[in-house]
Amino acid sequence: MMLLGSPSSGGYGGKFAGASPAGGTTTMAPSAKQPSSRAPPPGITGGRNDLRILSPAAAAAAVGGLEMKKPEAEGIAESLQATHRKELEASIRKQLQGVELSPSPYDTAWVAMVPLRGSSHNPSFPQCVDWILENQWDDGSWSIDGSISTANKDVLSSTLACVLALNKWNVGREHIRRGLSFIGRNFSIAMDDQAVAPIGFGITFPAMLTLANGSGLEVPVRQNDIDSLNHLREMKIQREAGNHSRGRKAYMAYLAEGFGNLLEWDEIMMFQRKNGSLFNCPSSTAGALANYHDDKALQYLQSLVNKFDGVVPTLYPLNIYCQLSMVDALENMGISQYFASEIKSILDMTYSSWLGRDEEIMLDVTTCAMAFRLLRMNGYDVSSDELSHVAGASGFRDSLQGYLNDRKSVLEVYKTSKHSISENDLILDSIGSWSGSLLKEMLCSNGIQGTPGREEIEFALKYPFYSTLERLVHRKNIVLFDAKGSQMLKTECMPVHDSQDFLALAVDDFCISQSNYQNELNYLESWVKDNRLDQLHFARQKITYCYLSGAATTFRPEMGYARTSWARTAWLTAVIDDLFDVGGLEQEQENLLALMEKWEEPGEDEYYSEDVKIVFQALYNTVNEIGAKASALQGHDVTKYLVDVWLHVVRCMKVEAEWQRSQHLPTFEEYMESGMVSLGQGATVMSALFLIGEKLPEGVVELEEYDEMFRLMGTCGRLLNDIRGIEREESDGKMTNGVSLLVHASGGSMSVDEAKTEVMKRIDASRRKLLSLVVGEQEGPIPRPCKQLFWKMCKILHLFYYQTDGFSSPKEMVSAVDAVIKEPLQLRSL
């Protein structure tokens, strides 16, 4: 920004005594001299362009903010994927290494108004006064982003605060005149109940108007309008006069500059943090310091003014929250793998702060919940005990975010509550209960109708993280991503990291992946035909859904062979299940098992039927091919493990077929011993296990930990299948179902619904235990990426059987297939 007009009294930093001692390193976004075109200061994103991404080429053109014809766009796509992609990664990597904060005119103004102790006619922070003089926009306003020409309540509030600061020290008469003129021209916005408002605007803005009138300033607005705002302010205060909750007191302390002498300062200072601030907020701290001298509060403001060269952000410190938010964004959009070392450094530092109970984490509900979730899912040992203060709704309401009913905070704690790794985690379960109820109430509010926030809440409630596919989540987050990334607090808080870099890389990566997925799916469809599997009249033709489960989890470009191996194995398990369940004769089933036990190329006369020939040849050739590839990668024989797991699956299928033919009802325990294997997930996971780039020791599948993960995953899969398929199976005359067996074993004392409830408890316990094994001890013979395959399969099963048997219901998975594989991205905005 440039200095507008000569100051009336020369150099203000030199005029005022009491400047703070120099020191600190500047990490604030630099302020440029203001051009007349209102260009934004460096580091601040400008306007938005509506986009529709149709291809990698179109993605490149759109991310560049250009409208181009296809050939030109194709050329840009090639450039993005080669040079620009590296530049994007380098830019993001740099941003992860340090957080740069945007300046806050509102907070800087309140700090500028703090008088020098013992000299009420001089400011404690003349540097802030200078910054205000040098950073007015040419329309008379002060705001975080002058490129946004439309005034809003935040800009009005910031401008009035800056006017008050200049008037307090009797400088910048022309700046004051132009600021008041801006307020007068746009005052109707302050009267608009529907306009987005900063937190506490109804308290602080009328209070500033009163302060302006009391100091002799003539605000060019009707007195009736000022009286109306003051009346509304008084009504707000009176309405809450009987509320003595801690949450209310926190709110009043947060708005210390707006409540002023209405506050009991000894009580307000109970919210002071170790660094001397109130809520890490400069304006709150300055508001308190103007009425109640405190050395620690003064030192906090001095440190900020020195660190940022005369300007302050709206929150500080904010490093942990900002860095975790970036990590979360990278994970949510599917590009975290490119920044593994940087993310590890951030999480290591966060974990150290967690163990030290750093106030930046522990005193902020959102940061605490996000830190817990990211640390847990990345293998750090964190306890939900640190969330005990919000275990109940009353505890949350006692916080500032709770009093404000902050949507982001509620959503964050709700998502975190689903990351339990113990059967009876009362804290997380309680958080999930009250936060889920609160989110449902928010859905009924008109305030979030038609907003991305509503879609976020709906998605979180419908699909807990354990019933989602990664690539579906990535697409959803890319589409909903806010490239501006600002947050409205008392004033707008805008990160200076270039969120458009995140979005551009994610779009490029997703579009490239879709192209790969389409090619791989074409190969799989040819594989089905080449192996004559489409000629099996009894088999469900679901190769696309089988591929979806692989593509949406092992999604990285280099894992193409693992994806197709996963899909082919999953499809073969479905085909053979159909052979044993509905489509095959007993002789065909026995013949197939006998051929598998020999595991060699049979003669033509060894096949009982053409169907058996088609199935066995496809299985034999596919398993041997995958085994040879995996053995070469691992340096030892893997084929034997694949054959063994297939034999285990088919033997269990045969046992269940014999139960059905003889109308034998096994015990629930007998059924589960077979059922957790016969669904075939173990074979599917193993088909990719040796192909994802991790070295596994010989005999890994014989380890107790492997067997336990197999059992837990299989338990979830079988029981989820049984809950969703019981009505269909009973109508088909099939009695071997976990739900019906529990009802039978109860002797009539348990209803079907009660049995389903019991089964869901067992699923929940197994899922939590599985997650504990996946995110637990990092050392051991089974690398975490391999453990994660079991977890990802568990998530797939939860999604497929979320409401119905998705695998058996033709329309259930169509939208997921389209979103991951077929439909081009459509972005709302950049």
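Placed from the backbone N, Cα and C atoms, the Cβ positions cover glycine too.
Swiss-Prot annotations:
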- Asp577, Asp581: Mg(2+) 2 binding site (BINDING)
- Asp577, Asp581: Mg(2+) 1 binding site (BINDING)
- Asn721, Glu729: Mg(2+) 3 binding site (BINDING)
- 23-37: compositional bias 'Polar residues' (COMPBIAS)
- 1-50: region 'Disordered' (REGION)
- 577-581: motif 'DDXXD motif' (MOTIF)
Cα distance (Å, whole number) from Asp581 (Mg(2+) 2 binding site) to Asn721 (Mg(2+) 3 binding site): 14
Cβ neighbours within the same chain of Glu729 (Mg(2+) 3 binding site) - under 8 Å, at least six residues apart: Asn737
Averaged pLDDT score, the motif 'DDXXD motif' (577-581): 92
Sparsest Cβ surroundings (other CB atoms within 10 Å) among the binding-site residues Asp577, Asp581: Asp581
Surrounding CB atoms that lie within 10 Å of the CB of Asn721 (Mg(2+) 3 binding site), all protein chains: 21
DSSP helix/strand/coil residue counts for the motif 'DDXXD motif' (577-581): 5 helix, 0 strand, 0 coil
